[in-house]
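Student: Pasting in a structure now, in structure tokens, and then I'll have a few things to ask.
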Amino acid sequence: MKIRQDIVSTYRDVHSWVGIISALFLFVAFYAGAISMFEESLQNWLSPPVTLPAPPSLEQTPDLLNRVFEAHPEARENYTIVLNDEAAARQGRVRWSPPGRPHARVPVTVAALDEQGELVSGQLPLSEAARFVDELHQQVGLPLPHEPARLVMGLVALLYSVALISGVIAFLPGLTRMLFAVRADGGARKKWLDFHNLLGVFSLPFHIVMALTSVAFAFHDQIFTMEHFLLSKRGAAIVHPQGRAHGQPHMQQVLLPPVAVRDAVQKQVPGFVPETLTYTLMHGQVALRVAGHDDRYSLRGPTAGFATLNPITGHIVSADYLPGHQSTGFAVLTTFFALHFGSFGGTLVRWGYVVLGLGGAFLFYTGNRLWIASRRRRERSTGLMQETRGTWFLQALTAGCPLGCIAGISAVFCAAPFLSYGGGYVTVSAIYYSIFAVFMISGFIMPPSFALRLQLSVAGFITLYIPFAAALATRPVLMSPTGGSLSLCAVLVGAALVYAGLRRGRES
Amino acid sequence: MTTTLSSRGWLPKVSAASLAGAVLTMGLTGVVGCLSGSDSMPRSMSAQFLMWLAVLVWVALLGSCFLFRSGRQAWLVLTGANILVWGVYVLARAAVL
């Protein structure tokens, strides 16, 4: 494949500039995203156990519900029944929260019956640490309100897409001959270049998926509004498909009991494992949504697929997002989402996405290092003995931002088991951003190589400490396969960082 | 080809792809939506496919805009394409309604 030389050099310039603008945001997005692959497990790990009486069996759940509705009539508007016994033991059988916007953080109340049959309820102790890391991922690390952050994220996603296109045009043709060459002895620039190319080529499909899906996530609201404006028939009102009169008058006694709902689901969709039933009161009618998973199919959400049921008969009324029962069109659409979330193929794919995500983060880091090394080489060749302010500035950012992000997230996970409710959102963000700020500032006030060494070591030690913090807080996390693997990951990442810090120490 | 491309003069090219390109993407979405008989219900299947189409088109325009010989050419071509596409949209819409 031969591409004209001027096109290649144009796109090489484009690649450097869009890369350098977006790389640090993308690092945070990918690192936090890789961790978010196990958001649920981390949340279970970090949240203290519920201090309520043991949950009732699913058969006795209607009694509990009646007591809840007597004492808290507002619970009828939006409540969830947990079907899985293990999950119910951890988070309660029945929980409710005020209906709100999808991104609003609202307290969740959970209830059980004590031995005398009295209602006991309290706030569900839900650690918001994992949720915070997920939002860090969605907002490319910016402490902004949701809407402006999403626009910035969209901008970064567009730059990322252009960086991918330009990277492919500029480098792919010449790459085949030196793909596997990692020239460790060819100087810093060549080493970073080879790393960057190797990672870039092998994760290209993953990055194409991520770039397009994140542009879609950022701008889908605007695009849907635009479509509605362009395509609506005259006089047609917006009707949300989910909102179309699927429900029935809200009278608790006529609703199908949870056991019957579970059985009805299992009969209608064998292989689908229902996890939760969520009842919502909309326009005076009860809507029932069942969430669950089926390891044979892609899931629309990060951890679950959904179906809408008739709450009285238990019949499925919408299977648009039900794994294995979608129409071809919806199944294709689900694939786009599943490819972003890694919610297909079970645990193995999840771990694959962790590796790809961490690899992606490292790809952006190598890109920046490459840029610094090239600039320095150019400056030296023009006879400058000292590096320019621009190079120095970027060098400080390239070390401070990623390592600050790693250290900040690790510190949040270290602290969360000791905080009340496993860490509220405000506390957790305060911890993250103060660590992040210290790392950023330290890069600018210390000599560069000393700062990098210090940052690597500190970030490494904080990360290494995560499993010990969990053990100290007597969380039985190390026993579970996922918890154990995540701890192992923390140890590996931490050790790699400390090693890199020590090695740099010996070099200089 | 006599002119040599360079990354200089990127701003008019990028602004053409971002602004005129966005308007062109909307027009294309409208045309494809009309011709395929899409309903405009948010989150319906056709609306979602059109959303992905819009993303793909806009990203492709942003990625390829550097191939224009100049910013002037970028604006001219994309404006021309807009006039064409929006013309087709008006006709298609009139036919559908």
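Yeah, the Cβs are placed from backbone N, Cα and C, and that goes for glycine too.
In case it helps, TrEMBL gives these features for our protein:
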type	residues	note
TRANSMEM	A:17-38	transmembrane segment
TRANSMEM	A:151-175	transmembrane segment
TRANSMEM	A:195-219	transmembrane segment
TRANSMEM	A:351-371	transmembrane segment
TRANSMEM	A:392-419	transmembrane segment
TRANSMEM	A:425-446	transmembrane segment
TRANSMEM	A:458-478	transmembrane segment
TRANSMEM	A:484-502	transmembrane segment
Student: Residue list, the transmembrane segment (A:425-446) vs rest of chain: Cβ under 8 Å, 6 or more residues beyond ends.
Tutor: 105, 128-129, 131-132, 136, 143, 395-397, 399-401, 403-405, 407-409, 411-412, 415-416, 419, 452, 454-455, 459
Student: Would you kindly list the residues that approach the transmembrane segment (A:195-219) from elsewhere in its chain, counting only those six or more residues past its ends and only Cβ-Cβ distances under 8 Å?
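Tutor: Tertiary neighbours of the transmembrane segment (A:195-219) are 29, 138, 150-151, 153-154, 157-158, 160-161, 164, 167-168, 171-172, 175, 178-180, 182, 336-337, 339-340, 356, 359-360, 362-363, 366-367, 370.
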Student: Go through A:17-38, A:351-371, A:392-419, A:484-502 and flag the stretch with the largest number of C-beta pairs under 8 Å relative to the transmembrane segment (A:151-175).
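Tutor: So the stretch in question is A:17-38.
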Student: Can you work out which residues elsewhere in the same chain, 6+ from the ends of the transmembrane segment (A:392-419), have a Cβ less than 8 Å from its Cβ atoms?
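Tutor: Same-chain contacts beyond the ends: 20, 24, 27-28, 31-32, 35, 42, 46, 48, 127, 129, 132-133, 136, 141, 361, 365, 368-369, 371-372, 375, 427-428, 431-433, 435-444, 448, 451-452, 455-456, 458-459, 462-463, 465-466, 469-470, 472-473, 475, 490, 493-494, 497.
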Student: In terms of Cβ proximity under 8 Å, which residues at least six beyond the ends of the transmembrane segment (A:17-38) contact it?
Tutor: 130, 133-134, 136-137, 140-142, 152-153, 156, 159-160, 162-163, 166-167, 214, 302, 342, 350-351, 353-358, 360-361, 364-365, 367-368, 371, 394, 397-398, 401-402, 405-406, 409, 482, 486
